[in-house]
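Below is one structure, written out as structure tokens; comments come after it.
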Amino acid sequence: MTRQTHAYHMVNPSPWPLTGALSALLMTSGLIMWFHFNSTILLMLGLTTNMLTMYQWWRDVIRESTFQGHHTPNVQKGLRYGMILFIISEVLFFTGFFWAFYHSSLAPTPELGGCWPPTGIHPLNPLEVPLLNTSVLLASGVSITWAHHSLMEGNRNHMLQALFITIALGVYFTLLQASEYYEAPFTISDGVYGSTFFVATGFHGLHVIIGSTFLIVCFFRQLKFHFTSNHHFGFEAAAWYWHFVDVVWLFLYVSIYWWGS
């Protein structure tokens, strides 16, 4: 083993960036094949290779940080900056959807009937399932904060309980959203209202699924005693991401469900 005179992690050569790029190519090509030729072979291949790449890449990161000690305070600081920049990029991603929604709704064209919601669209009642979804996500924000405080205080059992509650609430939100989509009186093809509604809420739903998966990984890592009160960036990143998902939903609820209806 060579002697290291600095606090930074010099990453070993890894095949995962290459396999990740190839899986992304397969997924995008597969989507085109699915849309135009109703063939899902390439898409399934891309999704499978992408899942395998993510599993093996993050397995390596966990090994390097938890078992090999490569994630020094300086490395963790860099990872925190990286996560902050990633969340900022996600904010800009959702800004595009809100821009499309407000561009269409604040000055509805004659084709839409000069009103919003457009003529013929029956919007969902914001005081029914959407309000329940809001309370579910707000409760999950409280429970993830409870988990974080429990971890900082060294209370492992409370941390696991709070994390489990957060995951359960995330899964419940996803099921409620799926039932709402199934019962919705309009579709993604119903003009600009349908497309902005389903694209914005659908991408948020995808982020909830990603965040829930992130938290499930943290739950199993905590079962194996991977986190301590001063070394838990994996969980911290998951908590930041979950709070971001909460805040985006509040904007979606106020804009699309309440004001937009």
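Glycine is no exception: its Cβ is also placed from the backbone N, Cα and C atoms.
Same-chain residues lying 6 or more positions outside the topological domain 'Mitochondrial matrix' (1-15) and placing a CB less than 8 Å from one of its CB atoms are 57, 60, 64, 70-75. If you look up Swiss-Prot, you'll see 1-15 (among others) marked as topological domain 'Mitochondrial matrix'.
The transmembrane segment annotation in Swiss-Prot covers 16-34 (among others).
Taken from Swiss-Prot, the feature topological domain 'Mitochondrial intermembrane' covers 35-40 (among others), and the record attributes it to similarity to another entry.
Among the features that Swiss-Prot reports, transmembrane segment is placed at 41-66 (among others). Within its own chain, the transmembrane segment (41-66) is flanked in space by residues 9, 11, 14, 16, 19-20, 22-31, 33-34, 217, 221, 226, 233-234, which lie at least six positions past its ends and keep a Cβ under 8 Å from the stretch.
Packing against the topological domain 'Mitochondrial matrix' (67-72) from elsewhere in the chain are residues 7-9, 79, 231, 233: each is 6 or more residues past its ends and has a CB under 8 Å from a CB in it. Positions annotated as topological domain 'Mitochondrial matrix' by Swiss-Prot, on the basis of similarity to another entry: 67-72 (among others).
Per Swiss-Prot, transmembrane segment is recorded for 73-105 (among others).
Summarising the annotation, Swiss-Prot assigns topological domain 'Mitochondrial intermembrane' to 106-128 (among others). Within the same chain, residues 180, 184-186, 190-194, 253, 257-258, 260-261 sit at least 6 positions outside the topological domain 'Mitochondrial intermembrane' (106-128) and bring their C-beta atoms closer than 8 Å to a C-beta of that stretch.
Within the chain, the transmembrane segment (129-152) has long-range Cβ neighbours (under 8 A, six or more residues past its boundaries) at 158-159, 162-163, 165-166, 169-170, 172-173, 176-177, 179-180, 215, 222, 227, 229, 232, 235-236, 239, 242-243, 245-246, 249-250, 253, 257-258. Under the heading transmembrane segment, Swiss-Prot lists 129-152 (among others).
Positions annotated as transmembrane segment by Swiss-Prot, on the basis of similarity to another entry: 156-183 (among others). Sequence-distant contacts of the transmembrane segment (156-183) (same chain, six or more residues past either end, CB-CB distance under 8 Å): 124, 129-130, 132-133, 136-137, 139-140, 143-144, 146-147, 150, 198, 201, 205, 208-209, 211-212, 215-216, 218-219, 222-223, 225, 227, 242.
Marked as topological domain 'Mitochondrial intermembrane' by Swiss-Prot: 184-190 (among others).
Marked as transmembrane segment by Swiss-Prot: 191-223 (among others). Within its own chain, the transmembrane segment (191-223) has Cβ neighbours under 8 Å at 58, 62, 66, 90, 93-94, 97-98, 100-101, 104, 112, 116-118, 121, 123, 144, 151, 156, 159-160, 163-164, 166-167, 170-171, 173-174, 177, 181, 234-235, 237-238, 241-242, 245, 248-249, 252, 256, 260, counting only residues six or more beyond its boundaries.
Remote same-chain partners of the topological domain 'Mitochondrial matrix' (224-232), defined as residues 6 or more beyond its termini with a Cβ less than 8 Å from a stretch Cβ, comprise 62, 66, 71, 76, 151-154, 156, 159, 218. Per Swiss-Prot, the feature topological domain 'Mitochondrial matrix' maps to 224-232 (among others).
Annotation source Swiss-Prot lists transmembrane segment at 233-256 (among others), citing similarity to another entry.
When DSSP labels each residue, the topological domain 'Mitochondrial intermembrane' (257-261) comes out as 3 helix, 0 strand, 2 coil, counted as helix, strand and coil in that order. If you look up Swiss-Prot, you'll see 257-261 (among others) marked as topological domain 'Mitochondrial intermembrane'.
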For the transmembrane segment (16-34), sequence-distant contacts whose Cβ falls under 8 Å of one of its Cβ atoms, 6 or more beyond its ends: 40-47, 49-50, 52-54, 56-57, 60
Per-state residue totals over the topological domain 'Mitochondrial matrix' (67-72) - DSSP helix, strand, coil: 1 helix, 0 strand, 5 coil
